[in-house]
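Okay, structure first, notes after.
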Amino acid sequence: AFDLNDFNTLEDTYDQMNVFQLSEAGLTHEGRDMKSWIDSLTHCRSHLDEDVFMFKRNEPDSGSACVGTDLNRSSNNPCSDTYGGSGPASALETRHSYSQQYEDELNQRQRYEPSGTTVNNLLNKDAGSIYSYTPELR
């Protein structure tokens with residue numbers, strides 16, 4: 001049986017994961033299944049900066065006169081400020097949001113900024129941002 005306070009076998013872990021809708025991403029070099037799920041109900045940590053207002057993304061919703069999807073919300077009403085989209089990961093941004101990269105409209109390829117550069121300082125220290133990482137699975 002799966003126990004959060006103990007080391008669990010791979011089989012027990014996979015059995016516990018069956019409560020989720022799983023996707024298979026292929027095989028490891030050992031021939032084991034790589035299983036994953038999308039956790040789309042993680043709270044957005046809006047308390048980190050009370051001066052920032054999060055706007056809905058500005059893409060028109062098909063079949064509706066309303067515009068916008070809030071990637072961190074789950075309303076089914078397309079005209080609501082908390083409309084979460086037509087389904088899980090329906091917005092392209094949710095498929096990219098796993099990473100710790102800065103991207104602007106000029107990026108044509110993946111690029112990393114070395115520590116101490118203006119961009120790195122702006123995004124971290126100079127902006128006074130708090131680094132937050134939310135996976136809570138043990």
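Placement of Cβ uses the backbone N, Cα and C atoms for every residue, glycine included.
Feature annotations, courtesy of Swiss-Prot:
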ACT_SITE  Glu136  active site, proton donor/acceptor
BINDING   His43, Cys44, Arg45, Ser46, Asn72, Arg73, Ser97, Tyr98  substrate binding site
BINDING   His43, His96  Zn(2+) binding site
COMPBIAS  71-80  compositional bias 'Polar residues'
DISULFID  Cys66-Cys79  disulfide bond
DOMAIN    1-138  domain 'Peptidase M14'
REGION    61-123  region 'Disordered'
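On the structure: features taken from Swiss-Prot.
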residue : record                 : DSSP class
Cys66   : disulfide bond         : coil
Asn72   : substrate binding site : coil
Cys79   : disulfide bond         : coil
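When pLDDT is averaged over the domain 'Peptidase M14' (1-138), the result is 68. Cβ contacts within 10 Å of Cys66 (disulfide bond), excluding its own Cβ and spanning all protein chains shown: 14. Counting other Cβ atoms within 10 Å of each Cβ, the recorded positions Arg73, Cys79 show the lowest value at Cys79. In this structure the C-alpha atoms belonging to Cys79 (disulfide bond) and Arg73 (substrate binding site) are separated by 13 Å.
Note: the Cα of Arg73 (substrate binding site) and the Cα of Cys66 (disulfide bond) are spaced 16 Å from each other.
Taking only the Cα positions, the spacing between Asn72 (substrate binding site) and Cys66 (disulfide bond) is 18 angstrom. Counting every protein chain shown, 17 other Cβ atoms lie within 10 Å of the Cβ of Asn72 (substrate binding site).
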